[in-house]
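So the structure is just underneath, and the comments pick up after that.
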Amino acid sequence: AAGCSNRHEGLFSIHFLLPFVILGLFFLHLIFLHVTGSGNPLGLDSECNLVRFHSFFTVKDLVGVSGGLLIVVFMISFYPYSLLDGGSFIACDYMETPASIHPEWYFLFAYAILRSVPNKIGGIVLLLLSILVLFVLPEIWCGKMEGFCFYPGCQFLFWTWIFNFIILTYVGSQGVDQPFVMAGEWGTIYYFLFFPLVGIMQHLEDTFSKKSQYAS
């Protein structure tokens, strides 16, 4: 009981501290944005067109933040329970485990990846990799041009990956039954296969572009 209590206290501490960590990273992002400037989707040098962060972008961001806060206040004031899971309103029964336990909707894709592996350790490893692999994407960019706008094949892969992400989110909300198990397995394969495929597609499109230039 003491160990369980300590574990709960640790989890509550993480839930309390994590928003402040995210807030600190937010301000760190603003500092880097102010010092180095934002990126150009075309990958071109546009220093001659730069504008000051204040007051141009501060006013622009304040409009977006104010609109978001307005929506949050409206939902809290008039529809506080509309986004909660139905299981939150079921009375607690210490003698019976709920038939279906799943995380919040924004973690359902990771939950589907966790369930797609029969091995518990393997599922946890894939769960962590599903988040960490997103930070690796900028480092494995091998295209000669910046942005997907110059790579139609990569655009196709990206939108199929988004569709696959939605499918995984839906699969994570369903029970451990067919065809959801198979859909989760195939969705997990493509989720991770997308990242090396992007590099291969970039290399192929750069090669074809170079050959077409020589041919012309």
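Backbone N, Cα and C define each Cβ position, glycine as well.
Straight from TrEMBL, the features:
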type	residues	note
TRANSMEM	12-33	transmembrane segment
DOMAIN	43-212	domain 'Cytochrome b/b6 C-terminal region profile'
TRANSMEM	62-81	transmembrane segment
TRANSMEM	121-141	transmembrane segment
TRANSMEM	148-168	transmembrane segment
TRANSMEM	188-204	transmembrane segment
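Remote same-chain residues near the transmembrane segment (148-168) are listed as 41-42, 108-109, 112-113, 183-184, 187-188, 190-191, 194, 197-198, 201-202, 204-205 (criterion: CB distance under 8 Å, separation of at least six residues from the stretch ends). Long-range contacts of the transmembrane segment (188-204) within its own chain (CB-CB distance under 8 A, at least 6 residues past either end) are made by residues 109, 112-113, 116-117, 126, 129-130, 133, 136-137, 140-143, 151, 153-154, 157-158, 160-161, 164-165, 168.
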